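Heads up: the structure comes next, in structure tokens.
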């Protein structure tokens, strides 16, 4: 390499601001849901900037968008970097966009410095990571990794009633400059920069997390069925109250599992009572349990514990207990080699970093199935994400971009 | 009196079946909501039968429907008996209708026997007791008792979008035979027969409950506000989880209050988490508490206990606690004199009975404010009501009708 590539701070920060304007909400966040007109506008802006820099662009059949800068040796598989551009309906400016735009900045920095890498580098914006408009999330990376087929989702309806296949076709057609390539081409490795979506880096004052693993996740839906009855006329001994069972079960599972294991996460995010009248003892109460742990064995043990506590609470209160599993995603381990490249890049630039476990899903989790992958986390204020208040300081944006560029230089020339 | 009046079993059971056919649901229940076309059809059938027997009919401005059989002395205030004809959307055949139809049977039995009572007797079908199509319930009896004005509700919208004032006018106009009298005329006393809506009579094998009091009711809405955060990335020490606070509070208030006082009722019928995503620690969890007790002092003490436990749970879990009171209805005591008349009537006929406290609201609770009132309860299967499975045996219908007739004979000739 001739010179050291440098992140252009003004350009990168302007780029973050420009994309934040697409789908901007009054409260400072972004509503740029997958395959919406806002999502298409963001894709268009990225393509225009790519073509202006002489990079090539292409899409695949799930509308994953690629920006490619050629390397010296066309026989080498490209290095993939990037993230996603779609957001939650009341999402932030950084979740996804920051990873895509710092990746594009890395391409520009290399071009600015006139550096020819050994292998080509491709920036990707994966389709529908968030899963809020169309379920499930991570469609783009799942299809790219061969975990699922785009045809599986053709009939999926959006929260706004649109059909996935229609919105996908419209999005693809909206970028005639980007020809459509077969899905799932070979890559050498994948690096995704993302906001942490948690409080640890900020609290510890460390600007970079190197994500070595992703927690396994299990989603359960617990339902207690008792007997709906009149609140005023039904004495205690006649009650089969699923609300009592639910409250007891939640207290038991929350009281013990997280306090005794700092890596465990257990969340009851949704609860409903039927018929849901103020003056009727519910006939049915259901709630969700989100369990996460980086160790598959411990994760399975926590699930058993949750099931046992719920069964016991149901029996104590005279209710029938039904527990269904909605998601079972095993823990993922990222590539130590890619993680090392990120760490080396940080070390060379004097950037402090620490290894981390991701508690959230990311596209990298799926890409990791077909190519060595790892992630770079940057701090976000108060750990807040999926929220218009999501915020990353300019300093942390810059440090993140430099960490990514450092890893890119290493991984594209090996 | 010349002879003893007798309930006509075949006529009464056919009458119950005929009215159950109006708004009948496939599951054997009734959907005959207030002021609906089904409600109007039931009113019409009652009016036709009344006119056929030579009784007079009239309505008041809230469409309470009255059937009057004259007495010997027009200067005496009439005795009022009856209940309501409207039902829940998936209601039963007996809640309300049984009280109205046994009252009408009492009039027919007196006419059959050629008995002239001292005072006139009026059968009433109060408007909108259930409160399911138009809120609040007990509109007819509240307006009759002067607790509220019909004009208060003119703009109330039905669950089906209709306006109260329109449906009221249509209902009144549907019965041109029944002229409209000023609301709230003087009565000597009121007796309402109703299904128990609870399990006590059935369990004890006693066919008649004489209701001497109605529990006081307080409705609270408790809301815990914490901090919405990512389920996977937020360690326990960063959580301000309102679900944990809600579960803890519910366990505390349910664990102690009812077990230590057999007259207390405490129900959490509704609960919701916001944003309500499986993978988001809720930012807010709210639930309702329905508290009932026949003693006003103890009821107030239970409310304080509930408030204290919720505040404490909120503080423990780092959440803000807001508690609002939605309903505060003091306990009601029925007339000992009317209750005694019911008891005497039962005793004279060898009908077993016991005093009871009603856990539910009834029209009689409001009428009791302007005239001595009491209620007769009959057993319903498994205590089930507000449900298509609501059921009363023919035997219990007959015993109830005889108990009511006995009370009517006493109260109309004193």
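Cβ from N, Cα, C; glycine included.
All annotation found in TrEMBL is predicted automatically rather than curated by experts.
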According to TrEMBL, which candidate in A:362, A:386 joins A:95, A:130 at the Zn(2+) 2 site: A:386
Further binder of Zn(2+) 1 named by TrEMBL next to A:95, A:194, taken from the candidates A:84, A:185: A:84
Candidate with sparsest Cβ neighbourhood (10 Å radius) among A:194, A:386, the listed binding-site residues: A:386
Candidate with the highest Cβ count within 10 Å, taken from the binding-site residues A:95, A:130: A:95
Distance [Cα-Cα, Å, rounded] between residue A:386 (Zn(2+) 2 binding site) and residue A:95 (Zn(2+) 1 binding site): 8
Nearest-integer angstrom distance between the alpha carbons (Cα) of residue A:95 (Zn(2+) 1 binding site) and residue A:130 (Zn(2+) 2 binding site): 9
List of the binding-site residues A:130, A:194, A:386 facing chain B, defined by a Cβ pair under 8 Å: A:386
Listed in sequence order, residues not in A:95, A:130, A:386 with Cβ within 8 Å of the centre of the Zn(2+) 2 site Cβ atoms: A:87, A:88, A:91, A:92, A:96, A:129, A:132, A:385
Structural state of residue A:130 (Zn(2+) 2 binding site), classified by DSSP into three states: coil
